[in-house]
Amino acid sequence: MAEAVESPGDPGTTTPRPLFAGLSDISIPQDIPVEGEITIPVRSRVREFDSSTLNESVQNTIMRDLKAVGKKFMHVLYPRKSNTLLRDWDLWGPLILCVTLALMLQRGSVDSEKDGGPQFAEVFVIVWFGAVTITLNSKLLGGNISFFQSLCVLGYCILPLTMAMLVCRLVLLAEPGPVNFMVRLFVVIIMFAWSIVASTAFLADSQPPNRKALAVYPVFLFYFVISWMILTFTPQ
């Protein structure tokens, strides 16, 4: 908008003048106080304080981590499509399961040359090397999952096979025979299928639709090798 102003040289003509042309001549005193207050909402402060772990005790930190591991175990026992294992990944659960499985697979031989040490290292290396290989295969196929997220899922899904190993150890306390083997075979097959279903429930959506079979096949082999080690285990 502009305001018409009569030209001094020609009384009959007018020239437009900007509407806010005189504002540049107005000076504002520097001593005028600026009123108001910038505050952070109380809820934001409480949320920020709660999310910080610097002020919590070591006991609270350990209990919080144990609860998180327990929740992930429940997601594996009741597999369903969820992003919990992918979003809040950790390697504590896989480490616990791997060490437990390796300890139960030790034969406990009295011989100094076969004292169970190689069996522990063998299981430990097979589990972690297999999980890393499957993760690299998933990344090469174009999966949208990170390296540690895949390790987390594969490690937590060993839980059914660890339970199968515990049951087999208890069954082996009885007299060996065909019935004993059939019971162990049934338990291992059920837990093997459980591990496959649980892992694919978390990893299937992270792969391209036309490459899901290529991503699931190494997972099948990974859990099959562990299942075979459990089934063929015989204490000495």
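Using N, Cα and C of the backbone, Cβ positions are placed for all residues, glycine too.
These features come from TrEMBL:
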DOMAIN    76-229  domain 'Yip1'
TRANSMEM  89-108  transmembrane segment
TRANSMEM  120-141  transmembrane segment
TRANSMEM  153-175  transmembrane segment
TRANSMEM  181-203  transmembrane segment
TRANSMEM  215-234  transmembrane segment
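For the domain 'Yip1' (76-229), the model's average pLDDT works out to 83. As a quick check, the transmembrane segment (89-108) and the transmembrane segment (181-203) miss the bar of 3 or more Cβ pairs under 8 A, pairs 6 or more apart, so the two do not touch. Taking Cβ pairs closer than 8 Å, the transmembrane segment (153-175) reaches residues 72-73, 75-77, 85-86, 89, 91, 93-95, 97-98, 100-101, 104-105, 127, 130-131, 134-135, 183-184, 187-188, 190-192, 194-195, 198-199, 202-203, 219, 222-223, 226-227, 230-231, 233-235 in its own chain, all 6 or more past its ends. Below 8 angstroms of C-beta separation, residues 94, 98-99, 101-103, 105-106, 147, 150-151, 154-155, 158, 203, 206-208, 211, 214-215, 218-219, 222, 225-226, 229 of the same chain, each at least six residues beyond the ends of the transmembrane segment (120-141), sit close to that stretch.
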